[in-house]
């Protein structure tokens with residue numbers, strides 16, 4: 001019956017006044033059935049994977065990240081909006097996968113979590129496909145070309161890059177920009193030089209920065225979450241330095257000025273987190289011995305919060321560590337990020353028990369997608385490997401050069417340079433961008449050497465933007481778009497290198 005209906009639509013489109021709607025009927029036919037076109041010129045390739053199925057494989061690879069997006073957004077919305085400080089403390093102090101499952105089953109249960117997550121994610125997904133599809137159809141009808149299957153991937157990638165609180169009209173505007181400006185104006189699917197989903201996110205990021213950063217990472221109503229956090233902080237007597245908040249790892253990193261040095265963080269870690277043998281302990285002990293001349297009875301590594309703040313913010317000449325008093329909160333916050341304590345532990349970062357954009361939180365989910373894409377031959381493992389290597393080496397070099405140049409184990413170097421290199425791979429959208437964005441075959445190089453250069457360049461730029469540029473808390477988006485721009489040039493030189501080798 002469906003085939004008969006489609007055939008009737010084809011007959012209708014043969015009439016002159018309905019010919020302009022041929023791309024729509026062709027899209028319906030191609031979506032439901034195998035294309036029946038026979039190539040008229042070589043290469044003649046017989047393969048079971050056409051463009052439609054190629055796109056569907058990418059969508060399947062996105063299933064783990066999509067599920068985590070629904071799950072995380074639902075769970076976090078329930079916990080953060082509960083107004084219950086006990087529940088919040090339990091959630092933030094989850095230390096392993098077993099304790100996470102125990103918390104879910106005992107405190108909240110699965111169905112409410114999924115329902116809350118679906119209420120957040122499904123509207124954004126629907127807007128992405130409806131608005132993006134409408135733009136595709138309009139251009140196909142006007143230009144008289146076929147509707148490509150690229151929207152299948154773009155339509156799901158785009159909402160996964162957004163914060164859950166994004167207004168619906170902004171989400172619609174972003175996907176429209178991504179489809180129209182970064183794809184259709186370049187000629188449509190296969191002709192774009194920039195990733196459409198990432199272009200749409202970049203448009204929103206620069207046009208509406210207040211809605212793409214800050215307290216936008218939990219629930220669907222920022223006002224409700226803000227009131228709940230204030231209620232919990234008030235009832236427990238928490239202050240800014242240790243209160244509940246929506247701060248992400250990268251926001252904490254970005255808000256830490258270069259004047260916060262490594263020894264400031266180490267002093268806080270040794271006292272408040274009871275971490276023995278911090279790297280700059282010799283410098284801290286040297287300063288503290290001078291400090292005790294005027295403050296007898298104080299014991300290093302056993303200071304109260306008030307004593308610690310006084311010592312860390314006192315002038316160096318008096319035996320203190322010279323931190324500005326207004327920056328103590330920043331130093332305290334980044335200590336958790338550098339040492340992987342509490343909600344910023346390596347386990348939470350890997351499994352995805354953190355806040356952030358919908359699809360970027362779980363490195364594990366992204367790895368599952370990466371394995372699927374590599375096994376099916378859809379994505380380039382070279383680009384992924386080069387991206388990861390570039391990011392890791394750049395993060396390590398920042399730490400190594402700081403220690404080498406500054407000396408004293410980098411005691412007076414900016415603390416932000418000392419996040420362990422491996423942890424950089426778990427932060428923000430790096431894993432998601434590495435697997436699903438950087439490997440876009442249209443906007444990335446095609447030569448093997450080009451893929452290595454391209455991936456390494458993006459990884460390098462990601463960490464440089466994170467650690468050097470104070471304006472942007474995340475470098476993945478800008479690094480990939482910059483890599484997209486240079487991809488044709490990289491391919492050009494890769495081809496020249498290949499030809500010279502063959503001569």
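Any Cβ shown, glycine's included, is placed from N, Cα and C.
Copied from Swiss-Prot, the annotated features are:
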TRANSMEM  55-75  transmembrane segment
TRANSMEM  94-114  transmembrane segment
TRANSMEM  120-140  transmembrane segment
TRANSMEM  161-181  transmembrane segment
TRANSMEM  186-206  transmembrane segment
MOD_RES   248  FMN phosphoryl threonine
TRANSMEM  361-381  transmembrane segment
TRANSMEM  386-406  transmembrane segment
TRANSMEM  417-437  transmembrane segment
TRANSMEM  452-472  transmembrane segment
TRANSMEM  475-495  transmembrane segment
Under 8 Å by Cβ from residue 248 (FMN phosphoryl threonine), same chain, sequence gap 6 or more: 217, 354, 355, 356, 428, 473
For the transmembrane segment (417-437): best-contacting stretch of 55-75, 120-140, 161-181, 186-206, 361-381, by Cβ pairs under 8 Å: 361-381
When counting Cβ pairs under 8 Å to the transmembrane segment (386-406), the leader among 120-140, 161-181, 452-472: 452-472
Two-stretch contact, the transmembrane segment (94-114) and the transmembrane segment (120-140), at least three Cβ pairs under 8 Å: no
Folded-back contacts onto the transmembrane segment (120-140), same chain, C-beta under 8 angstroms, at least six residues removed: 23-24, 27, 66, 69-70, 73-74, 77, 146-148, 151, 154-156, 158-159, 162, 164, 166, 168, 171-172, 175-176, 178-180, 184, 188, 219-220, 358
Positions whose Cβ lies under 8 angstroms from the transmembrane segment (452-472), at least six residues beyond its ends: 250, 253-254, 257, 382-395, 398, 416-417, 424, 427-428, 430, 433-434, 438, 444-445, 478-480, 482-483, 486-487, 490, 494
Local backbone state of the residue listed as 'FMN phosphoryl threonine', from DSSP in three classes: coil
